[in-house]
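Peer 1: Structure incoming, see below.
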Amino acid sequence: MGLYGNSGILPANRILANGTLQERLNLLQLAPLVGLDTQSAIDLFCLAGCVIAFIGLVFPHLCRLVSFISLWTLYFSLVQISQSFRQQSDEMLLEAGFLCILLAPAKLSDPRGPIEGLAMLLMKWLLFRYVFASGSVKLASGCPMWWDLTGLKKHFETMPLPTSYSWYTFQQPDGIHKLSTIYVYVSELVCSWLFFAPNQRVRMFSLWWQVFLHLNIIGSGNYGFLSLIVMTLLLTLVDDRELVQPVKEESKEDKTGAMTVKAIAVLMTLGTWLVFGVGYKNGENGVQAVVPPDRRYPEHDADDGSACSAAGDGTDGAEVPSRSVPKQTGTTNVADGIRKLTENWQLFLPTLAAFIVLFTSIVPHFQLTQSTAISSSIFTKPYNGLHNMFVVNQYGQHLIKMRPKRVEIILEYSDDLSGPWKEYGFQYKPWNEAGSMPYAWVYFPRFDFKFYDASATKPTSQKWLYPMVQRLLQNNQAVTKLFDQSHIPPGPPKFIRASLYEFRFTSWFHGNSTTFWTRERLNDYFPAYSLDDGFLETKLDDVGIPEEPIPSEALNLPVKLLLDAVRNFVAIFEGSFLVLGVLAAAIAMIVTQKRD
């Protein structure tokens, strides 16, 4: 509980007691009613969500309305108290979860819902918005590295939490990197439109295209469950009738779809050759952009053109199929109309919610420039309300700024200002030259990830830094467990400071299984702090963090002791292995059921 526990970096009970009204509208407020403190309630919510999700994964026929409402409500309550550590994957999961609520039938005996077609369209629309935004923001930012096809190579070195695969891909020739960048553009800006194709063959073509892209994203960076959400949404492109019916002789529609896929592949190849000038140069394979020098990228305010900025992404609308809502018989009078509306409220309310989500989701995709931003309150007010509930969100923000170099925050501790200074070790973040850059897979190391955001800003804009330093000076066990346990002080240090280092990948011939980086110290990030100088107390006051943990007592001791036992047991396992182990157990149970 190093992040949100009673003595964590950003205690959740502080938000529940003193936060905004929206933050305090949280199921965690009910913890005292069952005799639990906030920390134990968080454990209970996490455990309950895992159990419901595991049962739903293994027994899909139990995935009904109450399951998705429970999962969404529990996760929403946890995201509400995540504060500085919330990421866009949380927002995307909540938005997809809300659409699942619209899609799921209420009872086990219920047939498919009457608005299934509309809900599935919204799923595709969410998938399209994310994928297209990821591509459009690269070009809209005006970053010269994305426009001259060198952005992807720099991305491998400067991404938040790289893996060893990132190092190997970085070593490839520049021509391969440019081809890969073109592949990303085609995947996000062209192939994404095929999600709405009426032909199944065309949709499957776009599905496998995106799967290959996101498998590479998972391999090259620790983005947690973000790509897993995208690949799950890709299942909306599959016609489930083909999954349950036996394969028959190829129909005329299948032949037409196969021909369409071939035509699309030829057009995409031809378009890539015409736009990007893929060909030969000086008798050697090479890739170069044939955009005229004065039009390679839009005018940008940065002197060196290395920083990229934009605000959002752009998409177009999608056609709503009329078959989604069954045709209703006419009404003869107002009373008859009200009666029929009452009888069909289960159809009316989800349909109304679906259309509100559809239209308000357009708002964030017009924020590419100030001139195109939507300012009408008719659209912005509903969007802001739904965004506060994470029902409609904006994506692509993580690609707004391409960093020209990798700068890392290194925490150091000592018992004397004159040294020697030793470094805190991290589990996933690069921090020394011999870092192994492990894979986190679907596990999301929020703490390490947050240091990437902080390295590009001033310490005063990161309110979580000061309570973290105070907890480390107190040798708080909950917080020290967030670090590599082999590189932490045995007791409370006297001083802690932070330095900025520039990290670069080693070359192909100098790298090995334990050396991926070279690093060079740049300057101080913040000076040496001590509990005796009074500075930390002032800073904690400024950001509203109490110096001492807010007292919180659990009265339901049996449940608390059980939750503590579960937490201590799972803490034995490293996060990524724990998540992979649970998924492996679920897959084994699914396979066993199918064999039976």
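Yeah, the Cβs are placed from backbone N, Cα and C, and that goes for glycine too.
Pasting the relevant annotations from TrEMBL:
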type	residues	note
TRANSMEM	41-59	transmembrane segment
DOMAIN	87-243	domain 'Lipase maturation factor 1/2 N-terminal'
TRANSMEM	127-147	transmembrane segment
TRANSMEM	182-199	transmembrane segment
TRANSMEM	211-238	transmembrane segment
TRANSMEM	258-276	transmembrane segment
REGION	291-331	region 'Disordered'
TRANSMEM	347-366	transmembrane segment
DOMAIN	391-527	domain 'Lipase maturation factor 1/2 C-terminal'
TRANSMEM	569-591	transmembrane segment
Peer 1: To what whole number does the mean pLDDT across the domain 'Lipase maturation factor 1/2 C-terminal' (391-527) round?
Peer 2: 90
Peer 1: Could you count the residues of the domain 'Lipase maturation factor 1/2 C-terminal' (391-527) that DSSP puts in helix, in strand and in coil?
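Peer 2: Summed by class, the stretch gives 31 helix, 35 strand, 71 coil.
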Peer 1: Sort out the residues at least 6 away from either end of the transmembrane segment (41-59), same chain, that have Cβ-Cβ distances under 8 Å to it, and list them.
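Peer 2: Cβ under 8 Å, 6 or more out: 1, 4-5, 12, 27-28, 30-31, 34, 67, 70-71, 74-75, 77-78, 81, 559, 563-564, 566-567, 582, 586, 589-590, 593.
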